[in-house]
Amino acid sequence: EDHPVHNLGEHSVCDSVSAWVTKTTATDIKGNTVTVMENVNLDNKVYKEYFFETKCKNPNPEPSGCRGIDSSHWNSYCTETDTFIKALTMEGNQASWRFIRIETACVCVITKKKGN
């Protein structure tokens, strides 16, 4: 794409896309699947829960994997990393604030090729 840094010869090893999203389910910090509350009532006001996520556009931006990696010595691919943030959730009939997993970055994973 025509990002200003590309004019300077700078490129990301993995392309990502970020957006505000809503969630209906998520994985909590204990690994349980929980229901994310669509609306949060605080002080008689209703707020919608949004989460800012970053995902990989493509796990292999180049045929050999990540952009700029020497494929003669390295295997590579792009993958998402995540973190935990607080969200109002339901598990069974229990509503509470829990840490849920959201995707926050797209990074390049490399492994050395055998015989190198």
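Yeah, the Cβs are placed from backbone N, Cα and C, and that goes for glycine too.
What Swiss-Prot annotates here:
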type     : residues     : note
DISULFID : Cys14-Cys78  : disulfide bond
DISULFID : Cys56-Cys106 : disulfide bond
DISULFID : Cys66-Cys108 : disulfide bond
BINDING  : Lys86        : 1,2-diacyl-sn-glycerol binding site
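For the recorded positions Cys14, Cys66, Cys78, Lys86, a Cα to Cα distance of within 10 angstroms from Cys106 (disulfide bond) holds for Cys14, Cys78. The 10 Å shell around the Cβ of Cys14 (disulfide bond) contains 24 further Cβ atoms across the protein chains shown. Take the Cα of Cys108 (disulfide bond) and measure to each of the recorded positions Cys14, Cys56, Lys86: the nearest one is Cys14. Cβ contacts within 10 Å of Cys78 (disulfide bond), excluding its own Cβ and spanning all protein chains shown: 24. Between the alpha carbons (Cα) of Cys56 (disulfide bond) and Cys78 (disulfide bond) lies a span of roughly 7 Å.
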